[in-house]
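Record features, source TrEMBL:
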type	residues	note
DOMAIN	A:96-307	domain 'ABC transmembrane type-1'
TRANSMEM	A:9-27	transmembrane segment
TRANSMEM	A:100-121	transmembrane segment
TRANSMEM	A:133-156	transmembrane segment
TRANSMEM	A:188-207	transmembrane segment
TRANSMEM	A:243-268	transmembrane segment
TRANSMEM	A:288-314	transmembrane segment
Amino acid sequence: MLKYSLRRILGMIPMLFLISIVVFSLAKLMPGDSLSGEIDPNNTDPAYIEEMREKLGYNDPVHIQYFTWITNFMQGDFGKSTRYKIPASEIIAERLPNTIFLGFSSILITYVLAFIMGIYAGRKPYTIGDNAIGTANYIGLALPSFVAGVFAIYFFSFNLGWFPSNGSVDISTTEGTAGYWLSRIHHVFLPALVLGLLSTASYTQFLRNDIIENSRKDFVRTARAKGTPESKIYNQHILRNSIIPLITFLGFDIVALVGGAIITETIFTYPGIGQLFLNSVSQRDYPVLMTLTMMFSFLTLFGNLVADILYGIVDPRIRLD
Amino acid sequence: MKKPLLWLAMLVLVLSTFLAACSGGDTKKTSNDPKENDKDNAAEETGPQDGGTLTYALSSEFKGLLNWNFYDADGDDDIIAFFDDALIDYDENLKAEPNIASWTTDDNKVFTFTFEKGVKWHNGEELTVHDWVFALETIATLGGEHQRWSNVNTIEGAKDFNEGKADKIAGLEVVDDYTLKITFDKARVNNLENVWAYPLSRKEFEGIDPKDMAASEQVRTKPVGTGPFKVAKVIPGESVELVKNENYWKGAPHLDKIVVKVIDSSLTTGELKNGSLDMTPFHPTVLPEIEALDNVEVVRFPGLSYYYIGFKLGKYDGKKNVMDKDKYASKELRQAMLFAINRQEWVDAFFSGLGKPLNRPIPSSHWIAADNKDMPIQYEYDPEKAKEILDKAGYVDKDGDGFREDPKGEKFTVKFSHYATGNPTFEARAKAMTQYWEAVGLKSELQMTDVNLYYDQLEKDDPALEVFYGGWGTGADPDPLPLWGIESVWNYPRWVNDEAQKLLEDAVDLEVVGTDTEKRAQLYADWQKIFNEEVPSLPILELEEVMAVSKRVQGVKFDVSGSNSPHEWWIKQ
């Protein structure tokens, strides 16, 4: 297992290197640079823009720019955000907690809802309850998050006034108090629900189908023949087997956790990584853009690795070496 | 990477209209309630009430550079204005007027500035001229790396200081704590408007390397100023809480608190309706929905920006503009194209009527703006006249395809470019322009270009760009030289006219105009007349600014220079 993990991690290095080249070239191919938007003649002197372009190295050939960037990057210097004028790592660290909180809440909601609905539907397939859950799930699958987000804001924020429509916390609460955390939960609930909608629907259906499939297997018939109570059969024998594939999804959820949700964060004006990424693309904030892209790439590779390892753990039949 | 982004932004916009539409219509509040009217009267009689929290919204994320000396974008300045005062203010005609500093000068070269006594920073220190000297020296240390260097390098000795040849800026002479004498390198008409007039607290920034100041917490999360409100808390990129400054030098504010938060523009109408928002600027396209709200008043005030359609007449050769492109060189063609546009109809359709057609490239509220009546040509919508001018100029349909050929008899197509940002109304409004031209027989083609690429092409005189849509915001300094001068990169049409250039140069030449603003205004008026006849770019409209203000907020006034001081605002309880 250890050998396998090490081999995979070493294999990531050339992969990340290639990704960095592609992403860097693509970023530089975008028209304009971080200074081309600044065309306010009363505030900005052309000489200043020229000097900044020279200083930021935008006038150098692309391969030299890449080399400078990758050298600094390897040494842990991710560059200074051209938009925020602070190091890229600081601005990312500032937003990351919000995104992790949102991602974590969304996963929590997803798992709780998926388990309750999936187990119920799997146990009583083809009943009214199952069909109702199925219908709800297919609506959830079909509804893109930007539509769901707008509806959620319209009903729960504007009409009912239950949840705020924007922000991550009420600024007048003092940090660290119970009120502060309640306010954060209050703010995160709606975006987290919308964000989790799609995966809730797919996890529920996945779990339901797996339970139905397992309940027809031989070991279940044997257990029934022995007179094991129905609830024990479902909660222990079947559920244990059906959870296995779901657990492997955890690896991919890591990426979703940190990758943020561009659309959801934008609609709910929730200051996280997704929003930061979107801004950095449109403002050509290369240091932030590149750091985030590299982070996402790494996490995707890492998430894949975790998923593979988890497979091996929950299902000993799969040999990793 | 571009496409999904565009698509996403478009969706958000489309949905925002949907949201806005949803939150319109239903449940009218009973504004005719007699009780409420009584309360109105009572409040008017008792005068301003103290207390209350005002919520102000920004539609895009602020960068968090919360200091006049380091900010560089929209959003941040809205917040700074609440807690930091400028030394010099501008009146409704954008003429400088004393705020903390007043000044005297005899020759426009040496200025003596006198500070108000007893103005305190939020950290308790008194504001003195040393703080201003500190700000100027900080900028001069950074030199070309600082955006405001051009506002400082006109002071005598600033360049020597920057190069390390002097340990002080020679042109700054501190007479006493409240008096500073500034000597500029030469006499100019606009030395006062140009000089950087924002102090920087020495105590706060003591010992910080000027290079690190922009990233320091004194700028980002714990800023201080001299203004009516103090910053209590900053949540980066999301919201700022400001509390009242009891010791404000103009008097304690009425409001207890101002909360500034960032909300997506699609939420504006709903939040205003809910009463969870008291004041916000907004995009002209949502005006009808906001006007329909009972609890919100829309305040309109003259703006300082104008939009135009420019023609690429030449190129920038690295030093100056050269007019060498012939396609749109005919003045008559350009005039006809302006006569062909129904600007009022266009403004009503795409700017909710928040704008006025104009005949010169200077917004009306600026003191150098010439009277519209004096303009030689009034470009009223007149397609017949446009056709007549085109006929006379030789643009006639020779091959009978319904469109005019150029005087040489060759096919002629107006290639019009507009930037695309994801705002779905942009393509429609650009298309409308080409339709106006086609109606007078000019074949027109529309090209929507991604905004970043667009400005890149514009700056570099890319041949792909021929006729383009653009806009300028003008500041307090009236000088059009940076926009239309022969050496200016911002002169995107690359228009060169010796007579016009001479007028602009004379208007800032102290030997010609002296300190006589009347004379200066006259020269600018003459320049606007030339522009009006030549129309190197077609002036389309000047924008009217709007602010949505909740009806419970009182004492708010806006003019072209912005709002009145927030310490006069109050909330009806």
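Just so it is clear, glycine is given a Cβ too, placed from its N, Cα and C backbone atoms.
Note that TrEMBL annotation is computational and uncurated.
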Given a Cβ distance threshold of under 8 angstroms, which distant residues of the chain, six or more beyond its ends, lie next to the transmembrane segment (A:9-27)? 62, 65-66, 69-70, 73, 284, 286, 289-290, 293-294, 297-298, 301-302, 305
For the transmembrane segment (A:100-121), name the stretch out of A:133-156, A:188-207, A:243-268 with the most CB-CB pairs under 8 Å. A:188-207
Chain residues outside the transmembrane segment (A:133-156) and at least six past its termini with a C-beta under 8 angstroms from it: 117, 120-121, 162-163, 165, 190-191, 193-195, 197-198, 200-202, 204-205, 208, 261, 263-264, 267-268
At a C-beta cut-off of under 8 Å, are there same-chain residues at least 6 beyond the transmembrane segment (A:188-207) that contact it? List them, or none. 101-103, 105-111, 113-115, 117-119, 121-122, 133-134, 136-138, 140-141, 143, 145, 148-149, 152-153, 156-157, 163-165, 168, 242, 245-246, 249, 253, 256, 261, 264-265, 267-268, 270
